[in-house]
Amino acid sequence: MLAFNSSDISEFTFNAVDYTVFILMLSISAAIGIYYGFVHKSENTTAEYLHGGKRMRTLPIAISLVASQLSAVAIMAIPAESYSFGINWAFNVIAMIIIIPIINYIVIPVFYNNNISNCYEYLEMRFNRKTRDLMTLSFVGNLCFILPLYMFIPSLAFAQVTGFNIHFINGIVCSICVFYTMVGGIKAVVWTDVVQGTVMLTSVILVFVLGIIKVGGFGEVFRLATNGQRLDINFTFDATTRSTFWNCFFSAVVVWTSYVGMNQSCVQRIVSLPSLKHAQRSLFLFGIGFAIIMFLNSLTGIVMYARYHDCDPVAAGFVEKADKLMPFFVQDIMGYLKGMPGVFISCVFSAALSTLSASLNSLAGIVYFDYIKPRIKHTESRANFIMKSIVLFTGVYCIAAGVIVEKFSSIIQMLYSITGVTFGAVFGVFLLGMLVPQSHGRAAFCAVAASMLTMLVIVLGAQGRISYEPLTTSTESCINGSNLMQDFENFTSLLLMDSPPKESFNILNISFNWYMVLGASIVFIVGIPLSYILSPGKDAKFDSKLLSPVL
């Protein structure tokens, strides 16, 4: 095994080749926007800007979905999660076995059968306008909270290896993304995603393979990770445990079904394909690509632990927090290969750019059609101008909000807390409409409101209340005596300390991994009985085409 030598830390820097690779990636993204915005310019219509005239191709859409769903969170935070808390998060990946069939055979056929291009339009057709407005508002609110988070993470990685100011880099890269999304529309979004997805896959595989080689082979990684409890699978039913088989698997079903099949940023691209068969093939390919990259990311965290099992960079003070470990690890194992750190940083930014561009494009469409179009005289040129202005304004907001994101401690926990308020409700209300024929608008609205309000109380009440102790690490081989002494003091204090009394169950203490599952359950628990108790509204519609074909 090749041991980590902390004395090499001074060599961890970006060089000219790395900067060249990084700038090249950003230049390609901008060039694609220029090409579709000015050279290969299509009709100036909303259908062309948002859906590419429904002439998009299967494989590019699949790659685009993979690229935009991964985001920089997957590249940076998931390896950190596995490093700190073990392999349990990988059960998010296994859940794809259920997720893709749900989307392909229950959800997406309904959109194609009813010629729906805006997924929230379905809620108005199936239930009522109030339910649509509530879910649209939740979509816009969610993006306002999480888009700055998605963009700030890669800036964090760049600052870690270069020393550049985080907010300066955030501003530059955000501006490039806003530019190509504004001028190129959905075609620029998809084709930049293809380029960025290729960079991501290449980088993830390289980091994983080179990390294993650096540790001394897969057998050595397995031995060290097993000794460090990183491969222990937690089957406990304790709802307060951070990550278990149960909460990772079932939360993934709710999160990724609602995020891919019931979220406008994805649905917009899926329905831009010419037929349902094309969409189903694209989603099948997406599931394979998503599972490969996500699983590799989870295992990369295990490889990181094997590399630093006796010298934890966080405890030793080389890295501020676990979410910054990936760029440190990349420089450690790939720093001697010219340009490879640049490829990784490009990978992280690619993930962020693909997520941001897709979200900006869909956000512009939702805000225009739901809030602005009913109040103005609509023309295609005016609509496109307004949507591009929305993209610009949102990009400026993402740059400014980076100041707040900088203060977050755990990226995954914060992300799940933000989305935990609404993602369960999204999953619940769409399946309520598609699978429960008796459900109606009044019941659906009450169920969604109950779910969101309950989860908002739980999420806000849990802030500052719950924290999770990571699995043990060591600094015995680090060249830093103060950390060794600190470890010794911590160890002896644990030996002398009595086990704290078991606190009685409190709903505020449940793991953030249960938030989405709980939110979805509330929709069904409230919505199904109310569908029989409350009388439907006068404008209630019961069209069988709005139900899933599986019925």
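Even glycines carry a Cβ here, placed using N, Cα and C.
Automatic prediction, not curation, is the source of TrEMBL annotations.
The transmembrane segment annotation in TrEMBL covers 20-38, 90-113, 134-153, 165-183, 190-213, 244-262, 283-306, 343-364, 385-405, 411-436, 443-462, 514-535 (among others).
Comparison of 165-183, 190-213, 244-262, 411-436 by number of C-beta pairs under 8 angstroms to the transmembrane segment (134-153) places 411-436 first. Contact check: the transmembrane segment (283-306) against the transmembrane segment (514-535) gives fewer than three Cβ pairs closer than 8 Å, residues 6 or more apart, which falls short of the contact criterion. Here the transmembrane segment (165-183) touches the transmembrane segment (385-405). Their Cβ atoms form 3 or more pairs under 8 Å, with each pair 6 or more residues apart. Under 8 Å from some Cβ of the transmembrane segment (443-462) lie the Cβ atoms of residues 123, 126-128, 130-131, 134-135, 138, 417-418, 420-422, 424-425, 428-429, 432-433, 507-510, 512, 515, 518-520, 522-524, 526-528, 530-531, 533-534, all in the same chain and six or more residues away from its ends. Same-chain residues lying 6+ beyond the ends of the transmembrane segment (244-262) with a Cβ under 8 Å from its Cβ atoms: 65, 69, 88-96, 98-99, 102-103, 107-108, 119, 233-238, 270, 283, 286, 416, 419, 423-424, 426-427, 430, 511, 513-517, 519-520.
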